[in-house]
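> Dumping what TrEMBL says about this protein:
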{"type": "TRANSMEM", "residues": "6-27", "note": "transmembrane segment"}
{"type": "TRANSMEM", "residues": "34-51", "note": "transmembrane segment"}
{"type": "TRANSMEM", "residues": "57-80", "note": "transmembrane segment"}
{"type": "TRANSMEM", "residues": "87-104", "note": "transmembrane segment"}
{"type": "TRANSMEM", "residues": "124-145", "note": "transmembrane segment"}
{"type": "TRANSMEM", "residues": "166-186", "note": "transmembrane segment"}
{"type": "TRANSMEM", "residues": "206-225", "note": "transmembrane segment"}
{"type": "TRANSMEM", "residues": "285-303", "note": "transmembrane segment"}
{"type": "TRANSMEM", "residues": "334-354", "note": "transmembrane segment"}
{"type": "TRANSMEM", "residues": "366-386", "note": "transmembrane segment"}
{"type": "TRANSMEM", "residues": "622-643", "note": "transmembrane segment"}
{"type": "TRANSMEM", "residues": "655-676", "note": "transmembrane segment"}
Amino acid sequence: VSGLTLSVSCLQPSCFGYPLSIFFIVINEFCERFSYYGMRAVLVLYFKYFLQWDDNLSTAIYHTFVALCYLTPILGALIADSWLGKFKTIVSLSIVYTIGQAVMSVSSINDLTDHNRDGSPDNVSVHIALSMIGLILIALGTGGIKPCVAAFGGDQFEDDQEKQRSRFFSIFYLSINAGSLISTIITPVLRAQECGIHSKQRCYPLAFGVPAALMAVSVVVFIVGSRMYKKIQPQGNIMIQVAKCIGFAIKNRFRHRSKEFPKREHWLDWASEKYDKRLIAQTKMVLKVLFLYIPLPMFWALFDQQGSRWTLQATTMDGDFGAFPIQPDQMQTVNPILIIVMVPVVDAVIYPLIKKCKINFTPLRRITVGMFLASLAFVAAALVQVQIDKTLPVFPTAGQSQIKIINLGTDGATVQFEPQLQNVTLTSMASTSYMTFETSRLQSLKITSGNKTTTEAFQLPGGNRHTLEIKNTATGIFSELLFDNVTSKPEEGNNLIRFINNFPDTANVTMGDTSFGMLTSLSATDYSLFSGGRKDNITVTRNSVSCSVTSKSLGFGSAYTIVINECSGNILDVTYSEDIPPNTVHMAWQIPQYFILTCAEVVFSVTGLEFSYSQAPSNMKAVLQAGWLLTVAVGNIIVLIVAGASKLSEQWAEYVLFAALLLAVCIIFAIMAYFYTYVDPNEIEAQLEEEKKEVKKDKDFYEKEAEADSRM
């Protein structure tokens with residue numbers, strides 16, 4: 001069998017000294033990471049804007065999904081090592097993964113249940129059910145293949161190709177970041193497009209469909225290289241042996257809990273009746289590292305909020321970067337860009353400088369600094385949130401009404417709110433901001449313009465915004481109270497636009513591709529939704545004559561009433577009345593928090609894996625890999641618990657809470673790290689091997705002595 005294995009490996013085609021098979025594996029990983037991160041980039045916005053979930057539910061389901069993605073690798077490792085082998089496991093679960101991505105794409109098709117063609121699904125439950133099925137299949141697929149692909153790539157090399165294997169893992173890591181970066185740029189752009197059969201909506205089917213197609217390509221590419229792979233048969237999973245060893249030790253210790261049994265040096269020594277000394281010593285080393293893992297999930301609880309809370313924060317910010325607008329979910333690209341830049345900078349510049357300063361920057365100290373920096377990143381996020389909150393409009397409560405006034409005439413006007421609540425004076429073609437009144441106290445208003453006066457009594461329902469149109473005409477003062485029907489700031493950076501026709505006759509109004517229809521004199525349209533950050537052409541046609549003008553930049557998240565005044569020489573004159581101010585805090589202010597968090601990731605994540613591998617026996621690295629991934633899963637579960645239990649109404653306060661929790665955990669970890677003693681697993685294993693040889697030598701000696709005695 002060994003001769004056959006050797007001949008097969010010798011026949012493996014190679015390119016530049018590398019097995020040709022690894023190129024299929026690298027392409028496969030790039031496509032898979034593109035698929036996963038592309039889908040994940042738009043996921044929380046899909047929950048909020050398509051399924052119409054609120055911020056908290058969207059965040060909760062997002063983190064539940066991510067947690068599931070990091071729990072299933074344990075299942076994938078067990079299947080690969082104990083049953084199917086790595087190759088069959090990757091193929092099988094990749095097919096499951098592709099089906100999940102396809103189901104997600106189908107679930108986001110608005111026309112699937114929009115039978116009345118009003119632009120919204122008639123049966124949201126169908127879309128939710130399909131989404132959950134898709135996400136479960138994706139979590140099973142991406143998590144299941146996670147521990148297999150890199151290890152399968154490493155299997156392709158011979159023992160004397162250590163240098164090539166090391167370079168392969170660098171290329172492999174680069175393909176992960178390249179897939180993540182490119183997909184996080186592309187899928188938000190696809191999502192921002194408008195598509196649909198009966199009504200145009202955000203194109204989530206395309207945003208999910210392209211990752212599904214890339215996952216299908218990933219499967220095909222991986223299978224094409226099948227004949228070139230070196231496939232090692234499953235040899236049992238070390239995690240099962242470790243679990244059995246720990247279980248037996250606990251059970252045996254419980255059986256011998258009375259004082260008549262002498263204590264042993266370590267509780268795992270109670271497994272010595274069934275398991276050999278080597279496995280017990282290796283398990284001790286692993287548990288020592290796993291104990292240090294206990295505080296680590298709190299770091300991931302903060303880190304993974306880039307895709308949830310920070311993305312939602314970006315939806316309330318200004319994404320105008322000059323030549324091109326940035327989508328809220330594209331801000332996540334800052335992390336992979338900084339990672340690609342900072343990993344070599346930190347390794348080649350920062351660490352050597354620290355070493356020259358004669359500072360002993362041990363791995364555990366690096367991890368502690370990483371946790372502190374992540375805490376600092378959330379303080380930065382809280383400061384940004386405070387600035388955002390200052391710009392948010394205040395809407396009326398149930399017992400209040402808000403009124404703004406637009407003077408459409410060429411004469412000045414004065415409006416008095418009775419009984420003696422407030423007086424407002426306006427110049428011609430001017431408007432006010434919204435004024436808040438107690439609904440029960442507001443009974444009537446008195447309007448004076450030119451030499452005319454009128455008084456109108458009215459009763460408002462409360463809890464709403466209204467716009468009062470006034471104009472001094474030849475026949476008297478015209479006034480009309482419009483119901484604004486806007487109770488929140490436009491989401492996702494969109495803008496709300498409506499028109500008031502200040503022409504003396506009827507006009508047809510169009511803005512961009514949206515037609516507002518025929519509008520009679522001094523009447524107003526309803527609000528229509530437009531994408532933020534763009535300028536559109538406004539065209540008005542009356543008496544078969546058209547005139548137009550390009551709108552000013554309306555920013556992101558604004559609402560405007562545009563008054564059509566007059567047309568001269570085919571040029572349209574309009575006046576803008578700001579109903580809701582655009583987002584004024586720029587998305588660039590998120591870059592500092594992303595930068596600090598990326599610094600934290602570099603010193604925490606990379607160092608954590610390096611430390612874990614250096615402290616674990618060679619055959620136990622899979623156990624520590626599973627433990628590391630488990631900390632990510634637990635971290636996402638912590639987000640659900642803290643966000644659900646905190647009941648904080650202010651988002652900045654939640655950021656501060658997470659920062660404080662991580663800082664407290666950071667202090668606990670620093671104390672644990674102070675008392676940790678570094679070990680050399682190779683040295684310990686060599687000692688155990690030496691002891692084993694000595695025991696065997698003594699055993700052979702006694703056997704020979706016994707044999708000699710029997711002959712005598």
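Glycine is no exception: its Cβ is also placed from the backbone N, Cα and C atoms.
Because TrEMBL annotations are produced automatically, they should be read as predictions rather than curated entries.
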> As a test: from 34-51, 57-80, 366-386, 655-676, pick the stretch that has the greatest number of Cβ pairs under 8 Å with the transmembrane segment (166-186).
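Against the transmembrane segment (166-186), the leading stretch is 34-51.
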> Take a look at 87-104, 124-145, 366-386, 622-643 and tell me which one has the most Cβ pairs under 8 Å to the transmembrane segment (285-303).
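Looking at each of 87-104, 124-145, 366-386, 622-643 in turn, the most contacts to the transmembrane segment (285-303) are made by 622-643.
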> Between the transmembrane segment (34-51) and the transmembrane segment (622-643), do 3 or more CB pairs sit under 8 angstroms, pairs being 6 or more residues apart?
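Between the transmembrane segment (622-643) and the transmembrane segment (34-51), contact is absent.
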> With a Cβ cut-off under 8 Å, give me the same-chain residues at least six positions beyond the ends of the transmembrane segment (87-104) that come close to it.
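Same-chain contacts beyond the ends: 32, 35, 39, 76, 79-80, 130-131, 133-142, 144-145, 148-149, 152, 208-209, 211-212, 215-216, 218-219, 222-223, 226, 229, 231.
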> Should anything in the same chain at least six residues away from the transmembrane segment (57-80) have a Cβ under 8 Å from its Cβ atoms, list it; otherwise answer none.
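Here the qualifying positions are 40, 43-44, 47-48, 86, 89-90, 93, 135-136, 138-140, 142-148, 234, 237, 239-240, 304-305, 307-309, 312, 622, 625-626, 629-630, 632-637, 639-640, 643-644.
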> Ranking 34-51, 124-145, 366-386 by Cβ pairs under 8 Å to the transmembrane segment (655-676), which is first?
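Between the candidates 34-51, 124-145, 366-386, the best contact partner of the transmembrane segment (655-676) is 366-386.
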